[in-house]
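According to TrEMBL, the feature L-glutamate binding site maps to 455, 460, 623, 667. Annotated disulfide bond per TrEMBL: 681-735, in sequence order. Residues or ranges marked as domain 'Ionotropic glutamate receptor C-terminal' by TrEMBL: 378-732. Annotation source TrEMBL lists domain 'Ionotropic glutamate receptor L-glutamate and glycine-binding' at 381-444. Positions annotated as site 'Crucial to convey clamshell closure to channel opening' by TrEMBL: 599. Look at TrEMBL and you will find 629 tagged as site 'Interaction with the cone snail toxin Con-ikot-ikot'. Taken from TrEMBL, the feature transmembrane segment covers 497-516, 536-555, 567-591, 756-782.
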């Protein structure tokens, strides 16, 4: 068995073939293949890029066309005419179309009548305009449908321009384009309103045709193996010189019988075999109608589909239904739908109505707290009647992201709607043998449409339909910040511990160098210095360095030598810079910082080991709960006790004092909005998003407007309308970027300064111990040192200790004697220094 494609793929494709013919050759290779198959009798499939007639009919050589046959296209047009009951037909034929099949059908069918055939083939542009002006006026006043077949854009433009000039471009003329169009060819300029067209939304690719061909053979082999597996199994090699025995059947001949009876829905359409050796693909087509949008601009709307030789119409918007409603005096587009919603910020907000029961902004909706279809129908009948009234407690004003989207859809698709809030306040889940919430209302017929932050999941999609998603999101986790007061040692946090160590080491080293400079300098405050009554010791240097560091204004000795003064000023600059940095960060540290619960995502250990006391939950009967129920059964069993009815309830449980939840799991789109509107800035989303999902509009299965709503949602995405909605309802200043008001000052209480009070108390206790130590040294240690001759010179370290060790008891008791003695020493020293100058 072999496969042959009409053109070589860009990349090498391994096909199921042993003898693959060159792909560049056309009819001559098909003829050669036919002779080869007649001799060898394997099964071969070729793919044709264009609709061509068969050179021969050989059941062993199947030919699969990638183009739709003219016959199938004519069948589609005939079905459109029959569906609309347009039996009086006029045809405008431009260049390049064979409509013989269509004309034969119309002429041979007693119900159809060909009123006029305007053949423009072979006419030049000037002749076309003259011919149309002569022939088209004859169709005025007749209830005819005009089909135009054209392979020439210029010819088509002349036909429509002339028809518009003659007043024949109104929707009552039922214009239909006969040839299929692509989506990119759907222009609106110069085309009459009410025009019908058809075509493929997406052109199938070559790989899909190959896949369908392989599946066709596979299905045939599967059926053949059940009957005769010995013949059905294809041999790996066939020799042209082998002679076939009389009465035997080849594998290809045997499989061809089953191929003729095989059909299925493939990737390119409905696949089946006809005319012995033709593999036919019935493509799927969309049928479009040109209409006006609310702004008066022409737009294409899908009104039906063609699939497997039949039309699937969209009820309520098919052209003949619109026309019949107009004839009955009804507004074609104003079908009234009942829409159910669920309050979820920012997609749906609610507020009370005004005193007169109206909504100056937003949409009037009902909150009846029931899903009974009869009750809802009675309430809306009273609401819409002239003299009817509904109790005020049922009335609410609904507005938000989804309400704006719903109103835009109602304008574009020409329908009215009655809006109410779901009775049980739930999205919908299977419970006690039935569906609850939004899904339940759609299934019971209470609502025709569900519009809110309605997540699309597999369970719901089995019982209801969803439009294409209008908002993409995922699941997320939100936590609350913990206001942690500064601990006792917080006043040291502005600087790292290594910086503190560095400061005090540097202080003592600086004091040491100040002392050395003073004692080594001839001008220092030492006994060797000139005219010095005081001594600059190491204790004096420490006192000076600490005073500069902490900004004390106390009496202290200062160095007298230039080197010491220079070093003292450098130390002052160092202390200024350090203290400036410390003060700048002190207030923030003393007030405390906000810490958040650290969660990496749904796979975090805190979520999978809840026995540690970590509390978290989600919204009951939501997509988040359904996800955890399927993916993490044990986790779902644990969080059931913490689940809440709505998202705002979950956020409230986080913000209570003390909080009832440590984390809350829900759609990230909803959580991001809750974080942005949090006035206290205590909420934050953490971890990686998970479970990507989308919000769609819920509809009953096979709802008539489902495809049109999806198409308009796709248009809204492409033209930027969805971005406008997002900016409108999500453009809230994030809490992290909110600037503080003038009156929002940071107040610090005694708890913030507890560390300083403790430090002061420790200092007092330390001073008591220091006092006791001084007395012990003075009474026990110093007397022993005084009795010795060594270790009695302490002037460089402490003048106080030196004086105690070197003065007599009488000098200590008599200050005058001490002063006279000091003065005598000073005079003696001065005289000793002046003697050299006298001699």
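Each residue's number is its place along the chain shown, starting with 1.
Backbone N, Cα and C atoms are what each Cβ position is placed from, and that goes for glycine too.
No curator has checked TrEMBL annotations; they are predicted automatically.
Other Cβ atoms within 10 Å of the Cβ of residue 681 (disulfide bond), summed over all protein chains shown, number 13. Where the transmembrane segment (536-555) meets the stretches 497-516, 567-591, 756-782, the count of C-beta pairs under 8 angstroms peaks at 497-516. The L-glutamate site, placed at the center of the C-beta atoms of 455, 460, 623, 667, has further neighbours from the same chain whose C-beta lies within 8 angstroms: 427, 453, 454, 456, 457, 622, 624, 626, 693, 695. Most Cβ neighbours within 10 Å among the recorded positions 460, 629: this distinction goes to 460. Taking CA atoms as the reference points, residue 455 (L-glutamate binding site) and residue 629 (site 'Interaction with the cone snail toxin Con-ikot-ikot') are 16 Å apart. The two recorded residues, residue 681 (disulfide bond) and residue 599 (site 'Crucial to convey clamshell closure to channel opening'), have Cα atoms 19 Å apart.
Maximum intra-site Cα distance, L-glutamate binding residues 455, 460, 623, 667: 17 Å. Taking the Cβ of residue 623 (L-glutamate binding site) as reference, residues of its chain lying under 8 Å away and at least six apart in sequence are, in sequence order, 427, 455, 457, 475, 667, 693.
Averaged over the domain 'Ionotropic glutamate receptor C-terminal' (378-732), the predicted model has a pLDDT of 82. Counting residues of the domain 'Ionotropic glutamate receptor L-glutamate and glycine-binding' (381-444) by DSSP class, helix then strand then coil, yields 28 helix, 16 strand, 20 coil. Sequence-distant contacts (6 or more apart, same chain, Cβ under 8 Å) of residue 599 (site 'Crucial to convey clamshell closure to channel opening') comprise 477, 479, 606, 607, 663, 686, 687. On a Cα basis, residue 629 (site 'Interaction with the cone snail toxin Con-ikot-ikot') lies 15 Å away from residue 460 (L-glutamate binding site). Under the DSSP three-state reduction, residue 599 (site 'Crucial to convey clamshell closure to channel opening') is assigned to coil, being neither helix nor strand.
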